[in-house]
Amino acid sequence: MLIDQFGRKINYLRISVTQRCNFRCLYCMPKIPFDYQPKENLLSFEELFLFVKAAMDEGIEKIRITGGEPLLRKDLSIFIKMISDYKSDIDLAITTNGFLLKDFAKDLKNAGLKRLNISLDTLDHKKAKTLAQKDVLDSVLSGIDEALNLDLKVKLNTVALKNLNDDELISLLEFAKSKKAQIRFIEFMENTHAYGKLQGLKRDEIIQILSQKYQIQLIKKDEKAPVSIYKADDYEFGIIDPHSHEFCDSCNRIRLSAEGLLIPCLYFDEALSIKEAVRKGDIKAAVEILQEVLRNKPEKNKWSVVDNETSSRAFYQTGG
């Protein structure tokens, strides 16, 4: 079991397998990323798996594969199969923008993937092009349908933004309901490349908009995550509300970047590298680094909108 210095059980590992993305979403990535790592700096899937296997043995129970856009990493399904073959009951998921999902969903399911989160911020082609900086909506919708047709469990992630998609929240909820998928509205989280450029909606503002048509009722608050589950009449949806609800006291996660940085907190600059250890095959050293990262995990994150504080590390480097 992995326990940090504040008594929190750490059982959730988020792995960014690539910094690259085929979108340039306004809230995440600059038009021309300046800090992509060369391929030789990235851990191979075999090297990543050496650490992941040890982390599961130590107590990791949940793994999420992120990016950048994880489907841009060649042979991702092989990595998924490595993990699911080693521990078939691991809670294993992917977060994707869905653009390439129609082509890869079947391989991912065959490799052992059971669920995924797909970003969907708008149902309007013009807005989608504005947000992603390219024409993406038809491909994303096709990816959603393909995943659902394969009986993969799908959740839709929507970043709620003022003057961009605030007039679509009801239609997005109804779209998700029609697909029998849960939608989660996400409060915009300020980060290095988007600070001051966008304004997000807070939880109460999201509820106020949805209440124009539906009776909204809180039914579940997960203290292990920044998500609250609500009902709009008979449909359940989520709101991820890091602005409105601080969940640091029960944080259960750490992050691993594609180049091997083990990161204790999304909004914390300090990180330790496992690259040298795994490339030497030194699992004991990698586990010692894991334990040190837990000792370094802060009680609270450094995120402060008031003081204009965010981590200097961009979200596409750590998986958000």
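Glycine is no exception: its Cβ is also placed from the backbone N, Cα and C atoms.
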Given Swiss-Prot lists C248, C251 for [4Fe-4S] cluster 2, the same-site residue among C28, C265: C265
Additional site residue, T95, T130 [criterion: listed by Swiss-Prot with R14, R64, K155, R253, I254, R255 for GTP]: T95
Nearest of the binding-site residues (C248, C251, R253, I254, C265) to Y27 (S-adenosyl-L-methionine binding site), judged by Cα-Cα distance: C265
Where C248 ([4Fe-4S] cluster 2 binding site) sits in the secondary structure, as DSSP reduces it to three classes: helix
Neighbour tally for C28 ([4Fe-4S] cluster 1 binding site), based on other Cβ positions within 10 Å of its Cβ: 23
Assigned element (helix, strand, coil) containing M189 (S-adenosyl-L-methionine binding site), judged by DSSP: coil
R64 (GTP binding site) and C248 ([4Fe-4S] cluster 2 binding site), distance between Cα atoms, whole Å: 19
For the domain 'Radical SAM core' (5-225), mean pLDDT (0 to 100): 93
